[in-house]
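Let me begin by presenting the structure, written as structure tokens, before commenting on it.
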2 protein chains.
Amino acid sequence: MKQLIIATKNKGKAEEFKIMFAKYGINAISLLELEEDIPDIEETGSTFEENAALKSEGIMKLLNIPVMADDSGLMIDALDGRPGIFSARYAGEPKDDQANIVKVLKELENVQDPNRTARFVCVLSVSIPGQPTLFKKGSCEGKIALAESGSHGFGYDPIFIPEGYEQTMAELEPNIKNKISHRYHAMVQLEEWIQNLS
Amino acid sequence: MKQLIIATKNKGKAEEFKIMFAKYGINAISLLELEEDIPDIEETGSTFEENAALKSEGIMKLLNIPVMADDSGLMIDALDGRPGIFSARYAGEPKDDQANIVKVLKELENVQDPNRTARFVCVLSVSIPGQPTLFKKGSCEGKIALAESGSHGFGYDPIFIPEGYEQTMAELEPNIKNKISHRYHAMVQLEEWIQNLS
């Protein structure tokens, strides 16, 4: 594997993945840099794995080269794992981080510590022509804060307090967040797999 | 804080800590580099925290400067958390990694997956003159393998399979192990604390 498409249009994410792959001599190209126009793929799956695979397999079939995709979300125990795969649009269309946070805090209004446990989950899928899709899953355990706080990050970061910390993800400096996040943990597993390839 | 003693004579550990502290302008010195002769401190505590604090507070009182110490071990659920603080000498004196592994595998002989869950735990303590000792705890979830395998690392690494991986800690390359270990997780928390100091 010398080249791979990263199925994301998020510049920050793409940059992180590019650096990791470059260490192993793999040229990772994001959808932002592709000349081909890739149609948006609807995430109609019922799990993170299915949604990630819809993207990596869909684009792999179009271009016939290895593709990596990701899907992630927040799972809250007191809400039976919701918002889960619906994390990005939990409060409806259009995607609105603030509305999602308000909805979650409202739903947890009567839930006290230690029942506010939750985890961020990230699934990476890699689809290589002629091979079964590979999945790597990472998580970050924590709990939902009583109120939002902090300005870093995005999504549910302002209400998620990682285990071992007293601040929310959005209060932690990005260099710390990037060392404990669900994506970090999935990426280390992927890195281990790449290392065994080469 | 401009200078700090790392209460370890382990060169590899000391090096990792030195690099982390250097990022924040802190000159970390291990016991290997000290001219003073520091007497060995007996780990007579009943928790990782107590044992780490015995070392960091003991040396802090001798030298009157900030000291960081660590204590770590393996906690196996089916053995009610043993070997825990007795990890290094579980099979008795003198310290023998191989004998410890044989003892654990024997004790788990009749325990099947999914009841072989375990975690590596690391506690870092920082003692600063005139301040209460600070603790940061990191862990790495996983399970005990049926047989030992792999040649990297030390201690129980050949029988510990981290969550999300199929190999033992001793089969993983050191650069991967260092990104998922209990010490890694404790260090990130310590780093977050240092960052807030400066």
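Note: Cβ is positioned from N, Cα and C throughout, glycine not excepted.
Whatever TrEMBL says is automated annotation, not expert-curated.
Worth saying up front: this structure is predicted, and the values here are computed from it rather than measured.
Database features, via TrEMBL:
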ACT_SITE  A:Asp71  active site, proton acceptor
BINDING   A:Thr8, A:Lys9, A:Asn10, A:Lys11, A:Gly12, A:Lys13, A:Ser72, A:Phe154, A:Gly155, A:Tyr156, A:Asp157, A:Lys177, A:His182, A:Arg183  substrate binding site
BINDING   A:Glu42, A:Asp71  Mg(2+) binding site
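When the Cα atoms are compared, A:His182 (substrate binding site) and A:Asp71 (active site, proton acceptor) turn out to be 11 Å apart. Counting other CB atoms no more than 10 Å from each candidate's CB, the binding-site residues A:Thr8, A:Asn10, A:Ser72 peak at A:Ser72. Every protein chain shown contributes to the tally, and the Cβ of the residue listed as 'active site, proton acceptor' ends up with 25 other Cβ atoms within 10 Å.
When Cβ atoms from all protein chains are considered, those within 10 Å of A:Gly12 (substrate binding site) total 11, not counting its own.
Within 10 Å of its Cβ, the residue among the binding-site residues A:Glu42, A:Asp157 with the fewest other Cβ atoms is A:Glu42.
The shortest Cα-Cα distance from the residue listed as 'active site, proton acceptor' to any of the binding-site residues (A:Thr8, A:Asn10, A:Glu42, A:Gly155, A:Asp157) is found for A:Thr8.
In this structure the alpha carbons, written CA, of A:Thr8 (substrate binding site) and A:Glu42 (Mg(2+) binding site) are 13 Å apart. DSSP classifies A:Glu42 (Mg(2+) binding site) as coil under the three-state reduction.
Here A:Gly155 (substrate binding site) comes close to A:Leu74, A:Ser87, A:Ala88, A:Asp97, A:Asn100: these same-chain residues lie at least six apart in sequence, with C-beta atoms under 8 angstroms from its C-beta. Cα of A:Glu42 (Mg(2+) binding site) to Cα of A:Gly12 (substrate binding site): a distance of 22 Å.
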